[in-house]
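These features come from Swiss-Prot:
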BINDING   GLY14, ALA17, GLU47, VAL335  FAD binding site
BINDING   SER333, GLY334  chloride binding site
Amino acid sequence: MSVPNKTTVLVIGGGPAGSYAAAVLARENVDTVLLEAEKFPRYHIGESMLASMRFFLRFIDLEEQFDAYGFQKKYGATFKINSKREAYTDFSASLGPGGYAWNVIRSEADDLIFRYAGEQGAHIFDGTKVDDIEFLSYDGADGANFTPAAFLVNPGRPVAATWSRKDGTRGRIKFDYLIDASGRAGIISTKYLKNRTVNEGLRNIANWSYWKGAKVYGEGSDQQGSPFFEALTDGSGWCWAIPLHNGTLSVGVVMRQDLFFGKKKAAGSPGSLEMYKLCLQSVPGISGLLEDAEIVSDVKMASDWSYSASAYAGPHFRVAGDAGCFIDPYFSSGVHLALVGGLSAATTIQAVRRGETSEFSAAKWHSSKVTEGYTRFLLVVMAVLRQLRKQNAAVITDDKEEGFDTAFGLIQPVIQGQADTGESEQQRMVAGVQFSLERFGQATPEAQRALLDKVQFAGQNAEELEKLTADELAVLHNIIGRQLKMTKVEKNLDNFTRDVIDGWAPRVERGKLGLQRADTSIMTAEMKDLFQLNRSLDSTKAGIQLPA
């Protein structure tokens, strides 16, 4: 089949965000075309999945097929931050006893989801690169509302795209809606909006390779076979060791870019393999796993800068996954955030097509949702990386605690992806984000504890938010505002469906996908404003930086 001349929704990019969005829309009987620049299967890094992935796959009936493929089971993850005892995040907390996610070979996992989107009815084409997007002015009744204040932009409405292939074939396709899931290339953000901002505190560089014959981490313990993340002893970065189902161990080092090149220069500018092995000398735990192993691939290197954008939506377009934002992969958040963005894009497009809400409201919901997810991980990652770089200073733990159990207990709903999927208590969610903020010194601990008490109490007494001082409001604007009413329910995408933004909540049901009015009768106007997710922290403006 050749690329059609017209479609309802054009998806750019066949990674997790794009393929998932295409599968969701196709199952809603929406004419969907997916164009992927690379020929699948293609190599990609980012091999460790979060517990939340099961729930996203379950919604599109892909969970059983994905599980049967044979990917390495992941029951949790282990983190060695300094000389204290390792921290372990157990997936049974969100998946039940014996529950697991997976470590995957991304070329195979991404291809599986990409092909599945085609099986569900999407028209999928790999080796087909989108070169340009055509826009028409958008002068709708709500056009003036697409402003930076609403975390939106109005470059016009995209109406067509031109594409090309390596064999010289070219074409043009018209569409009603566009989802940009083009990965780091981010055609909308980088070529047209030019609104991408790099987080200066997270300019890192990654070097990695694959090993055969490595020892198994935690052999004989309940953490046996766990992915292992270990801080470099000099505080310059961290290292991953992720076991894969083909018998290899993925081992990579993430370092601050300036420190990496400084170390390389001091060592006489060694080659990539020698430099990689030099860095591994700073992770005794992982080096021990590699004692009798052999390296079986070239050393790969990539910039690992974290970035975000000022908006992730506009008239008739949505941006999802790495096309919009990327956060340091310490907690393996990439695919999780991609799936959240893909589902949000599909949901908000359907809400408009079904006549449930305006294009402005739907676009704002999506941009707010993407901002919220990125910010939540940003806060937690930066708190932990601050501890990692400070090594034995008491940053996320106190001097008397032997490990990091308290810290990881608080941030668990974030780092397992529970905030968007299975059950999670409001107190734990707010406490986890609050815990991270305290570690940045955004306010005194006393002030933040007092504010936390008010925020937690607000679920029962909305009037409390009207009593916040100007200083407290400033701190609250740095907290991921959420109005969550959590009850014990079946583990699925219930937290995603309970996200109320501007009075709208998602309806995640096959055949009924869209947005619906939520009951906000108990919320005052000020409370609604404070808890809008688009008030999430902007990393650049807030000036959150890690210590040198």
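Cβ atoms are placed via backbone N, Cα and C, with glycine included.
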Number of other Cβ atoms within 10 Å of the Cβ of GLY334 (chloride binding site) across all protein chains: 26
Inter-residue C-alpha distance, ALA17 (FAD binding site) and SER333 (chloride binding site) (nearest angstrom): 13
For FAD: widest Cα to Cα gap among GLY14, ALA17, GLU47, VAL335 in Å: 16
Neighbour count (Cβ, 10 Å) for VAL335 (FAD binding site): 31
Number of Cβ atoms other than its own within 10 Å, given for GLU47 (FAD binding site): 26
Local backbone state of VAL335 (FAD binding site), from DSSP in three classes: helix
